[in-house]
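Enquirer: This is the structure, below, for whatever I ask next.
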């Protein structure tokens with residue numbers, strides 16, 4: 001299935017250091033690199049002391065841990081924050097500002113890392129994250145807090161993308177799977193620990209510690225990265241570097257993403273889905289994204305998301321698998337806590353504890369997948385295994401009802417979690433097998449951008465389906481009297497205390513209704529997992545090399561790569577002309 005693609009890749013990925021190049025060209029390139037790069041070595045960690053690898057990976061893991069933790073740490077603290085500032089806007093926007101900025105900024109970080117270097121951009125993202133965290137902790141009004149959360153989110157988008165990119169620079173294709181799996185496990189565990197940590201701080205100290213806690217941890221990560229991470233750092237002139245940024249593409253992708261996600265955020269909550277506001281946001285968001293594609297195709301010299309990433313079936317398959325995997329797995333972290341609070345009567349903190357079977361099994365299976373890929377060089381087996389287990393696990397969640405016992409609740413979560421883990425990073429390894437080393441940053445940023453969009457759409461799709469199911473139960477819910485409005489609104493997550501305070505017969509009826517409304521949602525997620533399984537058929541098998549390939553970064557490297565691509569296109573055009 002992959003033979004043609006492999007041949008095409010071999011043609012398009014000719015070694016830029018092959019003997020075919022002239023001596024003068026090699027001399028010019030060496031001179032350019034000498035002028036451009038600092039004294040850092042090539043950054044390869046393959047074969048380096050295990051202690052050095054451990055130190056660097058701890059720092060990278062801490063950065064990703066904080067980025068993921070802040071995605072969910074405020075969920076339990078939001079009522080206290082809203083009460084402190086006496087603002088209903090805080091309940092919606094303190095959480096959303098982080099997620100929106102995170103998603104919109106992700107594509108930009110990859111190209112910034114190509115132009116200015118990985119290490120400077122990672123340090124910048126860490127610094128911005130610390131600044132945002134400090135301002136959040138010291139906020140004196142809700143506007144200040146929301147703005148700081150947006151800064152945090154933009155930095156958080158850079159942390160995950162840059163860490164994945166740097167691992168691609170530090171290790172060979174064969175080795176990097178181990179460390180990408182580790183990062184995937186850290187991300188999953190941090191996301192799930194957020195509500196527990198946030199709830200503990202809010203109840204025992206103050207909600208401000210949800211942000212203070214980032215400072216010492218991120219400071220430690222910053223210091224380790226600064227002193228121990230050795231990567232080639234280009235001496236790109238600031239003004240020349242900024243002039244090379246695809247500003248038109250940045251405008252359209254950020255604007256389009258924000259409008260689209262704002263439309264999803266407002267739809268069915270702030271405004272009806274058929275309102276002019278929601279329709280305009282969604283339509284113009286899509287239009288901007290289409291215009292972004294046009295800019296990348298025709299006008300951008302150094303595209304943020306180069307369309308050449310999509311020229312191979314393998315790459316499209318890997319991105320589709322990432323989309324469907326993200327669409328499905330986020331549902332467990334988002335809707336299982338709702339089930340435990342609204343149906344099982346758990347507090348927010350206990351709900352976080354109750355989903356630990358899914359969390360821990362996700363983290364362990366992600367790390368185990370990385371080790372498997374590193375030892376065997378096979379990423380397709382984990383992809384098939386993971387999606388198959390997701391189909392089984394999320395299919396079993398359909399059976400969760402008001403009377404489900406703990407054996408069922410734990411075992412079914414474990415199965416779903418085992419399915420979650422493998423496809424956090426295996427599709428990324430698959431993607432990186434078919435792109436040049438010079439495209440690692442933009443490819444990784446595109447991968448994470450697809451994930452962010454998938455999770456945003458997934459949460460809204462689940463909520464819409466859940467609300468529609470409750471509307472079908474109107475006659476049943478009328479037996480609850482005034483409390484029916486709490487359930488029928490589809491906002492049971494915000495009204496769990498009121499539901500749990502109902503008299504026993506009404507409470508049992510409400511819990512059964514919510515559990516029944518969640519079942520069709522799990523059916524949808526199971527179907528999407530099945531779609532993801534079929535998409536793996538598009539992914540080709542490629543031998544993972546153990547040879548480390550040095551990544552050239554900086555503006556001169558971008559210009560050289562552009563010239564090589566132009567020469568390749570001209571050669572192909574000439575070959576076609578000769579054949580015709």
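The backbone N, Cα and C atoms fix where each Cβ goes, glycine too.
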Enquirer: Suppose you had to name the range Swiss-Prot annotates as transmembrane segment; which of 444-466, 467-489 would you pick?
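Expert: My reading of Swiss-Prot: the transmembrane segment range is 444-466.
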Enquirer: Looking at the candidate ranges 2-22, 23-43, 275-295, report the one that Swiss-Prot labels transmembrane segment.
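Expert: Feature transmembrane segment in Swiss-Prot: residues 275-295.
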Enquirer: Given the ranges 380-400, 548-568, which one is assigned the annotation transmembrane segment in Swiss-Prot?
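Expert: Comparing 380-400, 548-568 with Swiss-Prot, transmembrane segment matches 380-400.
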Enquirer: Restricting to the same chain and to residues at least six past its boundaries, which positions have a Cβ under 8 Å from a Cβ of the transmembrane segment (242-262)?
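Expert: Sequence-remote neighbours of the transmembrane segment (242-262) are 99-100, 103-105, 107-108, 111-112, 115, 281-282, 284-289, 291-292, 295-296, 299-305, 453, 456, 555, 558.
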Enquirer: Around residue 86 (N-linked glycosylation site), how many other CB atoms lie within 10 A of its CB?
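Expert: There are 8 such Cβ atoms around residue 86 (N-linked glycosylation site).
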Enquirer: Would you mind pulling the DSSP three-state label for residue 86 (N-linked glycosylation site)?
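Expert: For residue 86 (N-linked glycosylation site) - judged by DSSP and reduced to three states - the answer is coil.
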Enquirer: Look at every Cβ pair spanning the transmembrane segment (318-338) and the transmembrane segment (380-400), keep those 6 or more apart in sequence, and say whether at least 3 of them are under 8 Å.
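Expert: As far as Cβ distances go (cut-off 8 Å, pairs 6 or more apart), the transmembrane segment (318-338) and the transmembrane segment (380-400) touch.
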Enquirer: Of the listed stretches 49-69, 181-201, 275-295, 444-466, which one has the most C-beta pairs under 8 A with the transmembrane segment (519-539)?
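Expert: Of the candidates 49-69, 181-201, 275-295, 444-466, 444-466 scores highest.
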Enquirer: Which sequence-distant residues neighbour the transmembrane segment (181-201)? Criterion: at least 6 residues beyond either end, Cβ under 8 Å.
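Expert: Residues packing against the transmembrane segment (181-201) from afar: 57, 60-61, 64-77, 160, 163-164, 167, 207, 209-210, 213, 329, 333, 337, 347-349, 351-353, 355-356, 358-360, 362-371, 373-374, 420-421, 424-426.
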Enquirer: Pairs of Cβ atoms less than 8 Å apart decide it: which stretch in 89-109, 153-173, 209-229, 380-400, 444-466 has the most with the transmembrane segment (49-69)?
Expert: 209-229
Enquirer: Against the transmembrane segment (444-466), which of these stretches has the most C-beta pairs under 8 Å: 153-173, 209-229, 275-295, 380-400?
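Expert: The listed stretch sharing the most Cβ pairs with the transmembrane segment (444-466) is 153-173.
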